[in-house]
Amino acid sequence: MVFTGWEYGCQGYRATKLKQKSIHYQLQVDLEEERLQKKALSLTLGQTVGLCSLRIFLMLVSLALIGGAFFGIFQATVFSQAKVGAEGILGLFWVYLPSIVITTGNFVVPFMCDQIALFERYSPSTTIIMALFRSVFLRMISLGVLLFTLWSQITCFRNSKDCQLCQYNNKEYPCWETRVGQEMYKLALFDFLITIAMLILVDFPRRLFVDHCSCALTRWVGRQEFLVPPNVLGLVYGQTVVWTGALFCPLLPLINTLKFFILFYCKKVTLFSNCRPAVKTFRSTTSTIFFLVVLLFGWGLALVAMIYSLAHVVLCYVAALAAVYGKSVDLLKAQLKLEGRDKQFLVKQIEELSREMGVPTRAQADTFDTGPAN
């Protein structure tokens, strides 16, 4: 049935060839996974333990790379916030340092994890799923690390003395909402610039190098593959940044719309001019469920950040009002005590002046009036 059937929905030579390649790849994947399963069943106990140990070790290496990226984001954010106010090119570099570290990590760490995955000897589908999971974990948690670091700086995580008045560090962050919105804006902008730079400075020269040089290196490198999963993850990441920063930067959805509009046509030109079909693709059913779950996770991350921020704003406002009212009550009590002391002081001054002038005081007058009666 597979080899004798016909898909009447395919119209034209190109659509037919694409359908044939899709069926050919699906059969290849099924046969490869069946071969790997038979090979796994034929392994001895020692080979199985060795393979599991190798996979655990490589997984720990991947986690160490991701953890190093998180630590770099944390340190870059703290250092950038400490350098706020610097001028010149160096000041601009400090301002964009967290965005530079995050975007660089999103490009470098997944590439290194993909190279590590070649030695794990998983099936093709499992290899792609593991690579996507690591990439999603890195992108989403890196955004969470950035928000946590910013929030720890704003809410005086290490020094609570600066947050006694307004429940946040109003000296360094007079308007902390603007600072968070600026960070989300810089993330979206720098991600756009890096993507355009990769298309122009990497993919296009690679295609020229492969087409005009027929050496062993060019045959090994080949043209750039257009991989759908990483590109879709880039869209999900960009949308998560917008959801997170829309509350603090209202123009961010419009900026993101223009960004996606430009990237769509740039990647379309790159796809037809510089890329070749992917050798390994992702199953459509698995990809649909996976990307929906990732999108839901990104929405949940943005929703938690938004709800926490709004709750913190209300609590800060109530706490500030309570602090102001409490101080007003204390000032009123102190004023009443001072007024009482002033009255006592005035009475004593009047009595002393009356004695000097020979005028009887109130106590003497009362004694004089009650004396003859006794």
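Note: Cβ is positioned from N, Cα and C throughout, glycine not excepted.
Where the annotation comes from TrEMBL, it is an automatic prediction and has not been curated.
Between the stretches 241-266, 319-344, TrEMBL puts its transmembrane segment entry on 241-266. Long-range Cβ contacts of the transmembrane segment (184-202) within its own chain (Cβ-Cβ under 8 Å, at least 6 residues beyond either end) map to 95-96, 98-100, 102-103, 106-107, 143, 146, 224, 234, 237-238, 241-242, 244-245, 248-249, 252, 255-256, 259, 262-263, 266-267, 270.
A mean pLDDT of 82 is what the model gives for the domain 'TMC' (175-284).
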